[in-house]
Amino acid sequence: MNSLVALVLLGQIIGSTLSFQLGPNMDCNTKGTKDWADIGVRYINEHKLDGYKNALNIIKIFRLLPSDGRSVIVHFKLNLLETKCHVLDPTPVENCAVRQQHNHAVEMDCNVRIIHDIATFEDEVFVKCKSTPDSVENVRRNCPKCPILLPPNDPHVVDSVEYVLNKHNEKLSGHVYEVLEISRGQHKYEPEAFYVEFAIVEVNCTAQEARDGHHQCHPYTAGEDHIAFCRATVFRSHASLEKPKDENFESDCVILDVKEGHAHSHLIQQHIEKYSTSPGHNSTDEYVVECPVAFVEKEVPTDMSDHDTPPVKGCPGRVLHFQL
């Protein structure tokens, strides 16, 4: 569970109208510094390919870099915490609950550079992040019986998701859903069970066509209540090697108001091949977020590290939630 995932983001936010103050009294706790950090957090959440939105936790470092006089360049390091809102959830991140430590929290450390054009108020944003869950040892030290995070591709997690989805489809008339992404899986104790969170999408198949395996089902586009996010608990033994057949379970699926053309519509396109498992806690590979076509030719700065420019005073800033 100490595996890391690197997330590299590149792009641009147009039309920033915030009035930024870069005075001698700035530190990592001032409103002006947080305004800059909020731009970075918003950009990360809008371009994150899978998993969950992240909330600001700590501004670790904030630097004002030398510029040509036509722009303001800032570089800062952020610590973020995973929320309970999936990236497809339209809820503003400010209204999303941060996943607490007893629920096996996940943090993300990010290097952010923003180039603010003084004349046009346009912001060019470069972000590189690394995500890692809290260690199993820490979770068990503080809460011995709390559920432990599992890889989304763990067989018990996958079987539980498919079992719940089949039960969900059996209750529907004229609608068939398939898994869009497995986002989270946890092993629970007393009673033993598997807790899963996953996104589903409606497809243009009948129930029989979806079962026979010979018909290629295509997901509907976003909008019109075609995408939902589910949370479920399947009560079964970890020692069980068979797929669940008649297990007790609890589930809740909520329709997401995802508009067509949403930034995360790529998930639907990926589904045409096969549903994905979020790599957020299990992969050690870097992956590059697909950028809007208008910005695809821009290059990620090779130097996203610390600079000779000293950071502002009062850093790191205060912890907004908790520190892992």
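Cβ from N, Cα, C; glycine included.
Here Swiss-Prot flags 1-19 as signal peptide. Annotated disulfide bond per Swiss-Prot: Cys28-Cys315, Cys85-Cys96, Cys110-Cys129, Cys143-Cys146, Cys205-Cys217, Cys230-Cys253, in sequence order. According to Swiss-Prot, the feature domain 'Cystatin fetuin-A-type 2' maps to 141-254, an assignment based on sequence analysis. Per Swiss-Prot, N-linked glycosylation site is recorded for Asn204, Asn282.
Recorded features from Swiss-Prot, shown on the structure.
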residue: Cys85; record: disulfide bond; Cβ neighbours (10 Å): 23
residue: Cys96; record: disulfide bond; Cβ neighbours (10 Å): 19
residue: Cys110; record: disulfide bond; Cβ neighbours (10 Å): 25
residue: Cys143; record: disulfide bond; Cβ neighbours (10 Å): 14
residue: Asn204; record: N-linked glycosylation site; Cβ neighbours (10 Å): 13
residue: Cys205; record: disulfide bond; Cβ neighbours (10 Å): 17
residue: Cys217; record: disulfide bond; Cβ neighbours (10 Å): 16
residue: Cys230; record: disulfide bond; Cβ neighbours (10 Å): 20
residue: Cys253; record: disulfide bond; Cβ neighbours (10 Å): 17
residue: Cys315; record: disulfide bond; Cβ neighbours (10 Å): 18
Three-class DSSP secondary structure - Cys143 (disulfide bond): coil
Cα-to-Cα gap, Cys110 (disulfide bond) vs Cys28 (disulfide bond), nearest whole Å: 15
When distances run from the Cα of Cys96 (disulfide bond) to each of the recorded positions Cys28, Cys146, Asn204, Cys230, Cys315, the nearest one: Cys230
Which of Cys28, Cys129, Cys146, all disulfide-bonded residues, has a Cβ with the fewest other Cβ atoms inside 10 Å: Cys146
By Cα-Cα distance, the member of disulfide-bonded residues Cys205, Cys217, Cys230, Cys315 nearest Cys85 (disulfide bond): Cys230
Between Cys230 (disulfide bond) and Cys217 (disulfide bond), the C-alpha gap once rounded to whole angstrom: 20
